[in-house]
Amino acid sequence: MNYTIKTETEIKKMRKSGKLAAEVLEMIEKYVQPDVSTEEINNICHDFIKKRNAIPACLGYHGFPKSVCISINDVVCHGIPSKKEILKKGDIVNIDVTVIKDNYFADTSRMFFVGETNQLCKKLCKITQESLYASLNIIKPKIPFYKIGEIIQNYVEKNNFSIVREYCGHGIGSKFHEPPNVLHYKSCNNIFFEKGMIFTIEPMVNAGHSAVECMKDGWTVRTKDRSLSAQYEHTILVTEEGCDVLTWQKNEKIPSKFINR
Ligand code: MF3
Ligand code: CO
Ligand code: CO
């Protein structure tokens with residue numbers, strides 16, 4: 001697989017696009033409330049990104065009609081914002097933001113609760129986020145890439161949830177999706193982390209069975225058994241001794257730089 005190693009100049013640009021993508025998620029939190037439509041949330045994100053001289057990468061990507069993906073409850077990913085879709089108390093919502101700033105992409109998503117939500121929702125989101133965080137502890141040069149999937153799958157299954165197989169993380173840079181594929185389950189390959197690699201990790205975790213299906217709109221992916229699904233995503237840079245979370249948000253209980261000695 002011909003993945004790229006980013007130059008210092010590219011890394012500088014990706015730090016900026018990563019920061020902007022994180023800021024979109026920080027900014028949008030207060031709008032995720034009952035009675036708000038997903039289209040309104042989409043439009044607020046769109047305007048914020050444009051004001052910062054950046055481009056919402058999802059808009060028009062393979063024909064995707066909106067600027068961010070918004071995926072509620074049993075929607076696993078690629079939910080299309082709509083006037084008709086109104087948030088209600090208890091919903092769990094993923095907002096997935098990809099921006100292009102100065103020709104470089106950054107991609108990140110997190111879960112939000114609409115008002116009070118139940119224990120299962122809270123646990124599912126917590127385990128999903130922790131599975132992503134756990135994988136950050138092992139990233140440094142010369143460690144095999146497949147460790148990410150091993151750690152995430154083990155963590156998720158130990159907690160009696162299931163990991164979606166159909167979608168994976170990806171290299172990212174001057175393109176949205178670059179090699180390598182970053183699998184969130186056990187697999188084998190002969191890639192090792194190298195300083196200057198940039199990729200996403202974005203586990204999708206289901207409360208029930210791992211199977212998913214795509215709806216007739218060609219985008220919206222739901223769990224087959226209609227159980228809840230959660231996802232968190234970060235854009236990660238491999239450094240000399242660990243990794244940097246380029247899309248790190250102020251509210252996160254992890255450092256933005258991991259030293260993994
Ligand atoms: N942001 C998604 C990812 O993590 C891709 C969304 S593609 C879109 O890779 F077209 F649905 F926006
Ligand atoms: Co992604
Ligand atoms: Co994404």
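For all residues, glycine too, the Cβ spot is worked out from N, Cα and C.
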Recorded divalent metal cation 2 site member, picked from His62, His78, His170, that accompanies Asp107, Glu202, Glu233 in TrEMBL: His170
Annotated companion of Asp107, Glu233 at the divalent metal cation 1 site, TrEMBL, chosen from Asp96, Asp225: Asp96
Cα proximity to Asp96 (divalent metal cation 1 binding site), best match among binding-site residues His170, His177, Glu202: Glu202
Number of Cβ atoms other than its own within 10 Å, given for Asp96 (divalent metal cation 1 binding site): 22
Entries of His78, Asp96, Asp107, His177, Glu202 (binding-site residues) sitting next to ligand 2, with Cβ under 6 Å as the cut-off: Asp107, Glu202
